[in-house]
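A.B. asks: Annotated substrate binding site per TrEMBL: B:49, B:205, in sequence order. Taken from TrEMBL, the feature ATP binding site applies to B:124, B:178.
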C-alpha cells in the first residue's frame, strides 16, 4: 500500500464509522471502563460492556468487533476471557487485545497464554507489554521476564519493534505500540505516527480507550488500518487538546471533544512515516 | 391531576430533595456508576452503591428509595438483585428499575422475570427495552423477542406507548421511556416531556443516571411525579448544556452543572403535554 | 516537630513525588476508582488497581505504598483484603486504609476487624467512620454502634478527636479525619488543616481519592507527613477550584487541574494549626 492508499482507507474507515454507528463490545477493566465507552461514542461508535462468559459470547457475535482488556481481573474472567476470545476466533470476528500488565499474576499469565491460539486482530500496548507478550508467546524479540511496572512502560517503542513485528506476523493482524512516537505494524510495513501530548500520561486510560476506539474502527477496516486510524486520531486529539489546556482534568474533557470533532481528512493527514518491516 | 397540580408536586419534590439530601442507594453497572452517583449528588440527593445481597438488603431498608440497574452482571448479581428487590417489595419501599439490555443472556432474563412479582415503582428504559420487558412479563404491547441492540434503542418512544401503559398498570407505579421526546405514564395519564440534546446519546450513562436521579425523587414523591421530575430536569439540563457546548466531553461537565443549577420552578416549567392513557 | 520542620518535610514529600513518579497500588471501590487513579496521577504518582488476592500481594510488594478502600465489596474481597493487608504489615510497607461505611454488613465488619492487627499506616475517613472504627477496634473514644449513614458523616470532626488519637496510637501511624476543617494526628500532635470547598461534598470520591493521594505521599514520607500533605493539597485545590466555578461538574475538572498545578511551597503554606494531642 502506498501512503495515498493508506490515507484513502483511513478516510473510508472514519466516515463509515460516523455513518453506521457500529457496535464494538468490550470486556475491559473497571478503572477506565467509562472512558473507553465515552471515547468509542466520541468517534461515532457504540459501546457495550459485559463480564459473564455467556454475555461475552453474545456480544462477540453481535458486534462488528470486540475489545478485550485484561486490566482488573476478577475470578469470572478466568472463564469469560478465553471463552470470548475463542468464540471470536472461530467466528472470524476481529478483536483487539490490550495485554495490560502482562507478567503480573498467574491468572493474567494463563489467560494471555491461551490468547496466542486465538490470534487477536490487533494488539495495542505499551513497549514493555509488547516485549513481555512476545516473550510469553515465545516469539522473536520478546523478553523472557516481564519488565512491566504496574501499568506503565519502562521500555522505548523502538526497543519493541522486532517483538511487534513478530506478534503481527504470528496473528496475521496488526500491532500498535504506544509511546512518545507510536508504532503500528502488520508485520510487513511499519508506520510511525506522530503527535499526542505528555498529558496523555497524566490521565488514566489513554491507552485502554485507544484499544476500544481501534475496535470501533476494526468493525469497518483491516486490522492495520484500524490500528493506524485509532492511533492517528489519538495523536491528533492529544496534540489539539494540549494547545487549549495545560492540566489533566480539563485535558481529558478537551481530548474527548477533539476525538468527536476530528474529521476524516484531519485524521488521514495526521503525520506518519512508513518503513518496510 | 391537572397540569397545575403536577407542576406544584414537581416543585415540592425538587425542593424536598434539596432540603433533606435523601439517600437513594444503588446496585448498578460499572460503566456509569460514577456518573450515576454524581448526578444523584448534583440534584441534591445522597448516593451509596453495593454489590452483596446482604448489603443490598441493608441499603434497601436504610434508603428512601433504591435504584437497580442490570447493566453489567457479575455472578453475585444472581442472588443480590432478586433478594434486594424482594426486600424492597416487602418493605413497600419505592424502587426504580433500569432493565438495561433486556433479552441479552440467560441470567439477565432470569433476574428480570423475577422482578415482575416485585413490582418496581418506576421502570426507566429506552423504547426497545420497554417493549422487550413487557414481552418478557407477557403484558400487552410487548414484543415476543427482544430487538434490543446492545444498550441502544432501535424503536421509537411512541411504538412503546401501549407496553409502557401495560407495565405501569401491572406495577401500579410509573414508567419512563427515554427517546427524542420522553414518555412518562402511570397507566392512566401519559406525559410527554420535551427538551434534551442529541449529545446525551454521545455520552455513556445519560439513561442510567436518570434512573438514579428518579430514585432520588422517589424518596419524596409518587412514582409518576418522581419519573416526570427526573425526566424534566434531564431534558432541561440537556437543552441548556447544548447551548453552551457542542462536543461530548464538555457537554457531560456542563450537563452536571445544569442539573445542579436547575431550580424547582425551572424544572416544573420544562415543557410537557398530558394525555389520557 | 516545629511548624517549620513540618513545612520542610511537606516540601520534600511533594518534590520527591513529582521527581520520582512513585507507584501506589490500590484495592478500591468501583464508584470512584477512576477518580482515585486520576488524582494520584495529578499529584505526580503512578496508579494500579487490582482485585485478586495474588495480585494484591504482588502490588503490595512492588509499590512504595498501598491504598485499601473497602467501599464496594465483592465476594473476592473477603480473601483479597486481609491477605494484602497482612502482606503489607509483614513487609513493613506503608498502607492507607479508608474504612468506608464501617458498620454496614457483616463482611465489611469481619474485614475491618482483621485490619486491627495489620495496623494501617494512615487511616483516612470521615468523623462517623473514625468513631465507628475505634469502636469496632475497642479503642478509646469509639462509638459502640456505627452512626454511619451510607457514605456520609453525621458527626463533626472534633467529636472524633479522641477516637482519631486512639487509632493513631494503636497503629503507630497517622489518622486523617475529613470534614469542614480536617484533623490529622499521629497520636501526639494534632494538626488542623483549613481550606477546601462545600462542592467537594457534591462530587463523589473526594474522600476516596484523598486516600489514594495520601498513599502516593506515603511512598516518600512518614504517615503523618503523608496524611497532612495529602489533606493540605486537597484543601488548597478545593479552595482554588471553587474560586473558578460554582457547580460540581466543572468543579471536579478544575479540582484535578489544581491538584496538578499546586507547587510544593503552595501546599506547605496551606493554613494549618498544631496542638499537642
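Just so it is clear, glycine is given a Cβ too, placed from its N, Cα and C backbone atoms.
Automatic prediction, not curation, is the source of TrEMBL annotations.
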A.B. asks: Cα of residue B:178 (ATP binding site) to Cα of residue B:205 (substrate binding site): how many Å, rounded?
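C.D. replies: For residue B:178 (ATP binding site) versus residue B:205 (substrate binding site), the Cα atoms are 12 Å apart.
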A.B. asks: Sub-8 Å Cβ contact with chain C: please pick out which of the binding-site residues B:49, B:124, B:205 have it.
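C.D. replies: It is B:49, listed by sequence.
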A.B. asks: Please give me the CB contact count at 10 A for residue B:178 (ATP binding site), counting all chains in the structure.
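C.D. replies: Summing over all protein chains shown, residue B:178 (ATP binding site) has 28 other Cβ atoms within 10 Å.
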A.B. asks: Rounded to an integer, what is the Cα-Cα distance in Å between residue B:205 (substrate binding site) and residue B:124 (ATP binding site)?
C.D. replies: 13
A.B. asks: Relative to the Cβ of residue B:124 (ATP binding site), which residues of the same chain, six or more apart in sequence, are found under 8 Å away?
C.D. replies: B:96, B:97, B:98, B:175, B:176, B:178, B:207, B:210, B:211, B:214, B:227, B:230
A.B. asks: With Cβ-Cβ distance below 8 Å and at least 6 positions apart along the chain, what are the contacts of residue B:49 (substrate binding site)? List them in sequence order.
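C.D. replies: For residue B:49 (substrate binding site), the qualifying residues are B:25, B:26, B:27, B:28, B:33, B:36, B:37.
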A.B. asks: Check the DSSP secondary structure of residue B:49 (substrate binding site), expressed as helix, strand or coil.
C.D. replies: strand
A.B. asks: Residue B:205 (substrate binding site) has how many other Cβ neighbours within 10 Å of its own Cβ?
C.D. replies: 27
A.B. asks: What does DSSP assign residue B:178 (ATP binding site), in three states?
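C.D. replies: Residue B:178 (ATP binding site) sits in a strand per DSSP.
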